[in-house]
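Copied from TrEMBL, the annotated features are:
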| type | residues | note |
| --- | --- | --- |
| REGION | 1-58 | region 'Disordered' |
| COMPBIAS | 11-20 | compositional bias 'Acidic residues' |
| COMPBIAS | 21-42 | compositional bias 'Basic and acidic residues' |
| COMPBIAS | 49-58 | compositional bias 'Basic and acidic residues' |
| REGION | 83-121 | region 'Disordered' |
| COMPBIAS | 90-107 | compositional bias 'Pro residues' |
| COMPBIAS | 108-118 | compositional bias 'Low complexity' |
| TRANSMEM | 133-152 | transmembrane segment |
| TRANSMEM | 172-194 | transmembrane segment |
| TRANSMEM | 206-228 | transmembrane segment |
| TRANSMEM | 234-252 | transmembrane segment |
| TRANSMEM | 306-326 | transmembrane segment |
| TRANSMEM | 456-477 | transmembrane segment |
| TRANSMEM | 483-499 | transmembrane segment |
Amino acid sequence: MGATEHVVVEGESEEEEGEGEERRGEKKEEKEDGKGGVDLEKGQVGAFVEDRSLERNEDQRDHFHVSMLQTLNPTNPLRIVINGGTRVATPPPSQSSRFQPPPPPRSQPRSTPTPQQSVTTLNSRRFTNKISLLLFLVHKVAAIALVGFLIFKGIQGLIDASNPAKRKEERVLRYFLPQVEVASLLSITLAFAWQKALREWPRVMVYFIIWCTFFMSLSAGILLICFQKPTTDGVGVCFIAFAIGNGLYACWVSQRVGFCFKVLLKALEPVDKFPDLNQPAYWMLGSGFLWMSLWILAVVGALNFYYPPLVIIALVLSLCWTTEVMRNVVNLTVSRVIALYYLRGMQSNTQFCFQRALTKNLGSACLGSLFVPAIEALRIVARGLNLLEGEDEFMFSCAHCCLNVMQSIFRYGNGWAYVQIAAYGKGFVKASQDTWALFERDDMVPIVDSDMTSAICFLTGVCSGSICVIVVAAWTATVHEPFTATISLLAFFIGYLMTRIAMALPHACVSCYYVCYAENPENRLFDKTIKERQELIKTGRDVVMPTPRVPRRFTR
């Protein structure tokens, strides 16, 4: 305000001086007029020039005043007082137009608008599903503490000669630990063998995995039954029942195998552009092997603690969640690398994507690891109940009710969500909804709903587990037969989990192929495989295999 008042006072003094000059000029003009005016012929040119100079000085003062007023901010409430009157210092329109921002350009309609939000969200820095991340970290700290404590109890039991559990622990260490370690190493070897073979020969390996799983699970079941023990007989019957179901599934999906290996062949093409894409799987399998070794020592220590069965069940559940999170970390890493290649043509750094999956997207991996396996398993059960529809009205209503409920839940939690979690940093539920909405928009639900990739990856895990059962059961039966059933189940469990971690790479590639195609079907990186399949389904020349029904004549 002090600077403003100074300008006002200075303006007033200069205005008064200008009025005094004007009055003096008027008196001089009156004197000249009284003398009869200016006569150029009589040499009165100097008076005329003097008058002109006075007028120019007055014009300059007026221009200076106006220029000072023009430099003032139009929004400044400066008021200049002259002879009791007021006026607001506002610049003329010609000058004020210089200080006004130019009008915004008229928006022209674009033929192919590109949303800018997707570009910015590709590098989202927020953590997803923080509550799930916190729960997993708390669980992991508790699991590490429990494993450390149980290892200490196991060592204490081995040292203490008077401990009644000492002999049992020694037997477990001698006849239990070596088989588990061998099963872990064998499953890691089989995991990378399956992955490499599937990448090199997808056409052959789809058939081979389906039928090899059938024969291996059947062989494992027959071998366990041959030991003629109640425990091994029960486990063997489970393997044989699974083998029968696997054989029926192989016959049912025989018409879909051709489309499956076409998608696999196309989806695995970008893998060769990223030589280090398998490094996250190496790290996760190495970490899994170390944790598995400590875990089995904790199982030995649980024998020297209260309620050993409950403690071992808690350790098994913790191991399931941990290995599933490892698998989804690999899934998220590969999904981000491949999705950015499809969506933006970017050659992403695998190490950076791996760090992102271990930090910002780890919460979504933890949440998905809890619910996706359960949702998919219940969905399979609902489809199985749908087979019992027949003519029974009660079973008809129950089957459809269960199936509709699982279909609704599947929209809010599915395995396709990992692509958008990795690419855009969305939460698990939001990514599941958006991904399923893309499939519905592009009429891809029948195609992705009948996709065989997840089944192929599942069967490779079962096949590796069955091979581990055959090796470990035959070994254990010769050294300590009472442990045969327990070690067989544990070997199958380890073989399945380790193989699924390595098979996350082809699974993620296929998921990216479907989701990125649904987001931009006109991308030049995609061929006409999906489009041709959609046309065949619409025209009725290639029908997606529906869920088989029990013939009505057998339900009467």
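Each Cβ is built from the backbone N, Cα and C atoms, and glycine gets one as well.
The stretch in closest packing with the transmembrane segment (456-477), judged by the count of Cβ pairs under 8 Å and taken from 133-152, 206-228, 234-252, 306-326, is 206-228. Here the transmembrane segment (133-152) has long-range neighbours at 127, 294-295, 297-302, 305, 311, 314-315, 318, 321-322, 325, 362-363, 366, meaning same-chain residues at least 6 beyond its ends whose C-beta is under 8 angstroms from one of its own. Taking Cβ pairs closer than 8 Å, the transmembrane segment (483-499) reaches residues 175-176, 179-180, 183-184, 186-188, 190-191, 194, 220, 224, 227, 229, 231-232, 234-235, 285, 288-289, 292, 316, 319-320, 323-324, 327, 460-469, 471-473, 476-477 in its own chain, all 6 or more past its ends.
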